[in-house]
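A.B. asks: Dropping the structure in here first, questions after.
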Amino acid sequence: MNEAVIDPILETAVNTGDMFCSQTIPNRCLKDTILIEVQPECADTLQCVLDDKVSRHQPLLLRNHKKLELPSEKSVTRGGFYMQQLELLVKSAPPNEYALLLIQCKDTALADEDNFFVANGVIDAGYRGVISALLYYRPGVTVILPGHLTIYLFPVKLRQSRLLPKNVLKHLDPIFKSIQVQPLSNSPSNYEKPVIPEFADISTVQQGQPLHRDSAEYHIDVPLTYKHIINPKRQEDAGYDICVPYNLYLKRNEFIKIVLPIIRDWDLQHPSINAYIFGRSSKSRSGIIVCPTAWPAGEHCKFYVYNLTGDDIRIKTGDRLAQVLLIDHNTQIHLKHNVLSNIAFPYAIRGKCGIPGVQWYFTKTLDLIATPSERGTRGFGSTDKETNDVDFLLKH
């Protein structure tokens, strides 16, 4: 069972004002241990506990115990939703071989949970700032009752793979054909277009130059102008960034499927790896939602994107749109490991999870005892601040 540890030495150091050093924590406590610091003001708004509905390997659960009035002065419009960034008043420091998934946790008995959603988030081991969640909710929502907003901090054990991507550009000569298909039955209700493009080479589409066409699909030649689709990562980063190899155009409220010309190769050294694609925090905050999904071995990199910015946009060639996490197959997350998902805000059912056997270590001095990191407190798109990769083509 996961064990929540509060070291009495840490409490004494904080209460007396004594200097504290990392040597206070024995080395044996640092392996498979996630440091957590709960801010004092958290008690006023959130309950922060280990989930007692899980018998072993418990995730950290955060739940509002006060009514949340909406929309607040911090809310902004995102397509047909409001969006608000919520500080969860918690800091974390996992080992480099772990990451935390931030996931909404639902109890099926609470019907109003279908009116507000939490964007899936990935917390890197190197992030030392206060963790925030992105809350999306429908315009008719004016209040979230106590206990109705529940969020998991869900640890996952990362794996390394020296054979992560197999670039197939040379096999495509170097043109890759996209396929447009009829929208799925569970596409968003406000979906306007008759087809879902996998590539968005809008100029080619508008010129009407399909190579093959029948009642269901047609193919378009898309020239690739950028070859570095998968970026390398720092040791403390959770995922490998996925870049778009062409200018990607999305109309407001458009819901598209993207297929990239790169295959996840089988890794004979580490066959017990599951790969999952998640969005990046900077894009989720701006309203560009990457639907979290699995990336099965032997298949092209595929995922859905939902434009909730409220504008027509262009994502530039080479922009980091998503990220892929390589997760130990023994970690059972809220996504199926072999299914392409088109759900914008997937959630976990409370009590049904399979996280690795980690120890939560609660402290009031995380900044003093945590391993130094390159990223520090910079979060929510800090690595994108020097670039403007998204053009808003039409203002409303």
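Backbone N, Cα and C atoms are what each Cβ position is placed from, and that goes for glycine too.
Feature annotation from Swiss-Prot assigns substrate binding site to Arg280, Ser281, Ser282, Phe380, Gly381.
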A.B. asks: Radius 10 Å, atoms counted are CB only; among the binding-site residues Ser281, Ser282, which position scores highest?
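C.D. replies: Per the Cβ count, the most surrounded site is Ser281.
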A.B. asks: Work out the three-state DSSP category of Ser281 (substrate binding site).
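C.D. replies: It is helical.
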A.B. asks: Please report the number of other Cβ atoms within 10 Å of the Cβ of Arg280 (substrate binding site).
C.D. replies: 24
